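**Student:** To start, I am sharing the structure in question, which I have written as structure tokens.
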Amino acid sequence: MGKGFFISKTLTIAGVIVGAGAVATIIALSVVYSQEKAKNQEVKPTNGGTSPPTTTQVTPWDPWDHYRLPDSLSPVSYNITLWPRLEASRSTGLYIFTGRSAVVFECKKPTDLILIHSNKLNLTLINGHHARLTGLDGATPPNIKDSWLQPVTQFLVIQLDGRLQAGNRYELYSDFTGELADDLGGFYRSEYFVGEIKKVVATTQMQPTHARKAFPCFDEPAMKAVFHMTLLHPHGTVALANGMNVVDGQDVTQTSFQATPIMSTYLLAFVVSEFDFIRSPEGEKVLIRIWARKQAIEEGQGDYALEKTGPILEFFEKYYTTDYPLNKSDQIALPDFSAGAMENWGLITYRETALLFNNASSSNADKEWIATVISHELAHMWFGNLVTMRWWNDLWLNEGFATYVSYLGANSAEPTWNYTDLIVMKEVYKVMSVDALASSHPLSTKEQDIMQPAQISELFDSITYSKGAAILRMLSEFLTEPVFARGLSVSIFRYKICVFIAPDLELPASIEVIMNRWILQMGFPLVSIDTTNGHITQNHFLLDPESVVDRPSEFHSALYLIDDASSLYSDTHPPLKMIGSDWVLANTKVSGFFRVNYDTANWERLLTQLSTNHEVTFNVRLMNFPNILCPSWTISLALRTTLYLQKEREYMPWEMADRNLGYFFLMFDRSEVYGPMRAYLRKQVMPLFNHFQAITANWTKIPDNHLDQYTQVRAISLACSSGVPVCEALMTSWFQAWMKTPEKNPIHPNLRQTVYCGALAAGGVEEWNFAWKMYKEAPIASEAEKLMYGLTCTREPWLIQRYLTYCLDPEKIRKQDATFTMVYIAGNVVGQSLVWDFVRANWNYIYNDYGSGSFSFGRLIEGITRRFSSEFELKQLQQFIKENSDQGLGSASQAVEQALERTKANIKWVAENKADVFQWFTDNSKLI
């Protein structure tokens, strides 16, 4: 048998970096965009003054028609008082809040114009104007000449009859009323029931541009200030904010809070609720409190979060070599929340599924999710909150760092999980499918390309989070983690309390070349190794090689290869020339953000290794055809990598195989290919199913190992979906047993989502109605989420249609869950066309009523269209775009563009490969 040659340090980007240069590389990440002045011209701030009176036609580009604030004013502090009404007005039926705000700002450049953000606030007129201006420290303010609201750019515009003077400080005061709506953005309303009694929570989500819905403010991340908050609220409720609370008041409770550190508006948070909490012991350096509904706290659902928050905080203090900046860390689980969580400084807000855990009903995956999200948010307390990007175009610095180090933090809290191993599947390979599109985007773009709120919301995508994490992981693997962490701590120390700006930092030219290649352009390379001669080449990897790329990749420079002995080879790479049965496997830990292809002979040797001795190395199995759409691969070669799976018992190879075979099912589950394809999967998974049936004593036990528990779930899921008869009977029997005793669910939490889906797919209206009842009565959000998913698996079209109508009724499906539910339905081949028709018919309502506080529009479009592979579906998608061209698609614009490209690529791929796929599965689905 041949031996293997492993390239374990990755095919590196270029060059050799040592010592101080390595540390400088980390710092460079925070400033590289600004330093690339030749490519990305610095945005010129809006002129801070109004034009003098003139008789010529007024240009439409007045300062208030721009989306960015001028650089003439800088906030210093806010003094804000808000009073949310937790009962609807009897006259209007609306929930409202009233407030007053006084912002102190410093004039940086003389100006006769004040622009400050305000959105959907009804400002009380003061002496005929929308605000009152006073001077501080002896400064004399000019009079207000005119004031108005500019809805499109979301500004309060104040024209003055004279100029504010540079160096002086002024105060702008305003009174206002706003709606405490259920739109999940700004200062909004969340609801839940205790028995038959409805409870209302007043809470916030400011990121990215919603602080302006709560009070007038300079709502840009670089406009940092100190916030003094006071909340008025009913007796019996508790108020929380970023700082520690001090309670007072008589008719209503008045709670004031310690001043915040200097910070951005998007990190402000405040909550009024009847929640309870658990806390860390007295005397701890940092007060940690977990807040949630009283029943959840009483049932111990916050215990796991409290147990892990302290250790994760301590891990990051050591990792960043900087103490946690505050004296308390409140974490609160909200019934309605648009994102997974939000890193508000000192008051982190979560979906209930991301913070609450119950041993009786929460799964292994639920626990992993909670640890990961807590770690992600706590990572932001330093990188993101203490040190902040200047503008949203560099959002990846915040989210990429937090995503990458969240694996380190969670791994420190749960060391037996080996959690860092999962980043390849969860982040790297996932985002490659997006970054392989010509409609992808760079990690960092020009500031002037990201102006409108919808454009900012679009950035909260997998490129920002997952590719950002992948690139940082690549850099960390190259430098080694200790050097990477050291450089990060230097960066935090240097930019503490500041924003990322271009400092006077001279960087080695090689470092700029390296990092710019990965940050300032989209895409990634396909690295091809020819083992017949040792040559290496690279090309921009594209889903459709014929796609027109408006910003071509520039992966032109020489590659360097480092082997296990850290020897440096270049040019011909003689170690890669193989003889006989020897093989090469590059990028073994997938730490390089690129795909690797080989000559046919090397692929054949790797396939031989898999079929004869797949356990020789875990890394060989992980290469399990990640390049399914690579033009140089034949269908037979790609699918042959799955033949050995009958011998496989580990989680990650099976997960990788399932994800890649999933593309075949999406393309062909409505065609004649489906039958033999399903039969082949059934044949391959049966040994895995039988293995877990044996080691779990006929499904009465759960494996001890974290990843083995996942593999058990995967075995049942694939066996049932591929039609293993005993599996379907098993799930049906478990579900029927639960129906007979609803108060005692016999299904293990790890298996529930899979069992619910399988049983409801096999059942009818009786099973569906039971699951719906259990969903509405679920005692914990994670259980409700499993049922919410299971309900989408029915094969009855009329039940799917009923469920779709529920999606737009917040009394039945919370707004936070509506788009997720529709995406789940789209994953059901029976529901695919139904949900597409439903979304098109109701787009105006969805766009206007569900879009304000949501980042999920892109996810909705991607989820619904991922199966599209026909000319008919392409024409429907094009018609959808045309019909909504006047209104626009908001934060879904980029997702629609990517859906168009992906659909065209699918059409082409299916046309070229369907016959070969059908023949291969037919030939290989026969039982031996």
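Any Cβ shown, glycine's included, is placed from N, Cα and C.
Quantities reported herein were computed from a predicted structural model and do not represent experimental measurements.
So TrEMBL says this about it:
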| type | residues | note |
| --- | --- | --- |
| TRANSMEM | 12-33 | transmembrane segment |
| REGION | 40-61 | region 'Disordered' |
| COMPBIAS | 45-56 | compositional bias 'Low complexity' |
| DOMAIN | 75-267 | domain 'Aminopeptidase N-like N-terminal' |
| DOMAIN | 304-496 | domain 'Peptidase M1 membrane alanine aminopeptidase' |
| BINDING | HIS376, HIS380, GLU399 | Zn(2+) binding site |
| ACT_SITE | GLU377 | active site, proton acceptor |
| SITE | TYR465 | site 'Transition state stabilizer' |
| DOMAIN | 583-904 | domain 'ERAP1-like C-terminal' |
**Student:** Go through GLU377, GLU399, our recorded positions, and report the one whose Cβ sees the most other Cβ atoms within 10 Å.
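**Tutor:** Comparing the recorded positions GLU377, GLU399, the most crowded Cβ belongs to GLU377.
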**Student:** For Zn(2+), what surrounds HIS376, HIS380, GLU399 with a Cβ no more than 8 Å from their Cβ centroid?
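**Tutor:** Here the non-site neighbours turn out to be GLU343, GLU377, ALA379, GLY384, ASN398, PHE401, ALA402, THR403, SER406.
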**Student:** Return the count of C-beta atoms lying within 10 angstroms of the C-beta of HIS376 (Zn(2+) binding site), excluding that atom itself.
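**Tutor:** I count 26 other Cβ atoms within 10 Å of it.
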**Student:** Sequence order is fine: just name those recorded positions in HIS376, GLU377, HIS380, GLU399 with a Cα within 10 angstroms of TYR465 (site 'Transition state stabilizer').
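**Tutor:** So the list is GLU399.
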**Student:** C-alpha of GLU399 (Zn(2+) binding site) to C-alpha of the residue listed as 'active site, proton acceptor': distance in Å?
**Tutor:** 10
**Student:** What are the sequence-distant neighbours of HIS380 (Zn(2+) binding site), meaning same chain, six or more residues apart, C-beta distance under 8 angstroms?
**Tutor:** GLU343, ASN398, ALA402
**Student:** Among all protein chains shown, how many Cβ atoms are found within 10 Å of the Cβ of TYR465 (site 'Transition state stabilizer'), not counting that one?
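**Tutor:** For TYR465 (site 'Transition state stabilizer'), the count of other Cβ atoms within 10 Å is 24.
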